[in-house]
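Asks: Annotations for this protein, taken from TrEMBL, read as follows:
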type: DOMAIN; residues: 1-175; note: domain 'Formyl transferase N-terminal'
type: BINDING; residues: Ser109, Leu110, Leu111, Pro112; note: (6S)-5,6,7,8-tetrahydrofolate binding site
type: DOMAIN; residues: 203-300; note: domain 'Formyl transferase C-terminal'
Amino acid sequence: MKLIFMGTPDFAVPTLRKLIEAGHEIGFAVTQPDRARNRKQVTFSPVKQAALEYGIEVLQPERLKDSEEDRRKIRDYRPDAVIVVAYGQILKQDVLDIPRYGCFNVHGSLLPQLRGAAPMQRAILNGLEKTGVTIMRMEQGLDSGDMIAKAETEVDHKNFEQLHDELAVLGADLLAETLPKIESGEAVYTKQKEEEATFAPLLKKQDGKIDFCRDPRQIERQIRAFDPWPGAFCTYREKTLKIWRAECPDTRCELPPGTVAAVHSDSIDVSCGGKLLRVTELQLPGKRRTAAADFLRGHRILPGDVLK
């Protein structure tokens with residue numbers, strides 16, 4: 001098939017590679033403009049880097065809806081389909097109408113659950129047992145198009161990075177299986193049930209702030225959902241302390257929220273929500289992530305200390 005690929009972050013790269021390996025023709029890779037990061041050094045998006053490896057022409061409009069030149073290039077290519085994976089811009093109807101079969105999105109949830117920008121993090125935060133990926137035909141609404149295929153996986157105790165990497169590959173494989181059905185007319189399009197829709201709004205850095213009044217199971221999910229960005233954090237002795245891994249021993253604790261209840265050789269027990277959160281990996285500013293056992297060799301934390 002003649003395809004246009006639209007995507008930006010790491011999550012989109014396995015799909016691009018899978019399409020190329022499957023023998024599809026990629027006319028253009030459309031991605032977000034280069035951004036200044038890491039001390040103002042300009043870096044390419046992961047999709048741009050991958051596209052250049054394969055010699056694919058890259059389009060980087062600041063806003064595709066405002067770039068008549070790039071939209072003309074897409075129209076003139078006469079694609080069979082446009083594939084969108086975490087592109088980061090909303091497509092207007094004039095673009096959705098260009099390809100022969102339509103525009104298709106790989107979304108990181110089991111729609112209609114978790115429509116929006118942060119479905120994988122929200123799946124962890126919400127304590128879902130299962131999540132997955134959905135292939136849908138795009139329309140003007142927010143992730144509301146007709147569904148064609150789904151694949152699911154267990155959330156288990158995965159952090160965001162682990163779930164992200166798994167779903168990126170799962171989505172790539174599912175799309176590769178689905179495209180021949182779209183081309184042959186065998187694909188079945190199922191409308192989403194609006195009454196079952198839930199949403200996954202974009203996360204902000206401040207969402208990582210830990211509230212020790214909450215149940216420890218909620219905090220443990222927050223820690224996994226925000227690994228690696230922005231990290232679940234609190235304040236200890238006027239310094240930001242990030243907590244990267246923790247357990248929930250299901251032990252009652254009546255100390256004020258945030259109070260260190262006990263210090264073990266390899267963990268720190270903190271009171272929260274009337275129970276304990278057992279911290280096993282953490283990090284101070286300018287330092288590396290470290291196991292609690294190593295952290296405690298260099299930092300004196302005592303029962304009665306308070307995390308805020």
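Here the Cβ of each residue, glycine as well, is placed from N, Cα and C on the backbone.
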Asks: Of the residues in the domain 'Formyl transferase C-terminal' (203-300), how many are helix, strand and coil by DSSP?
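Replies: Helix (H, G, I), strand (E, B), coil: 21 helix, 37 strand, 40 coil.
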Asks: For the domain 'Formyl transferase N-terminal' (1-175), provide the mean pLDDT of the predicted model.
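Replies: Summarising the domain 'Formyl transferase N-terminal' (1-175) by its mean pLDDT gives 97.
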Asks: In sequence order, which residues at least six apart in the same chain have a CB under 8 Å from the CB of Ser109 ((6S)-5,6,7,8-tetrahydrofolate binding site)?
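Replies: Once residues fewer than 6 apart are set aside, Ser109 ((6S)-5,6,7,8-tetrahydrofolate binding site) is near Arg115, Pro119, Met120, Arg122, Ala123, Thr131, Gly132, Val133, Thr134, Ala200.
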Asks: Can you count the other CB atoms that lie within 10 A of the CB of Pro112 ((6S)-5,6,7,8-tetrahydrofolate binding site)?
Replies: 20
Asks: To which of the binding-site residues Leu110, Leu111 does the lowest count of other Cβ atoms within 10 Å belong?
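Replies: Minimum Cβ neighbour count within 10 Å, taken over the binding-site residues Leu110, Leu111, occurs at Leu110.
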Asks: Using the CB centroid of Ser109, Leu110, Leu111, Pro112 as the (6S)-5,6,7,8-tetrahydrofolate site centre, which other residues of the same chain sit with their CB within 8 A?
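Replies: Not counting the recorded site residues, we get His107, Gln113, Leu114, Arg115, Pro119, Gly132, Thr134, Asp143, Met147, Lys150, Gln192.
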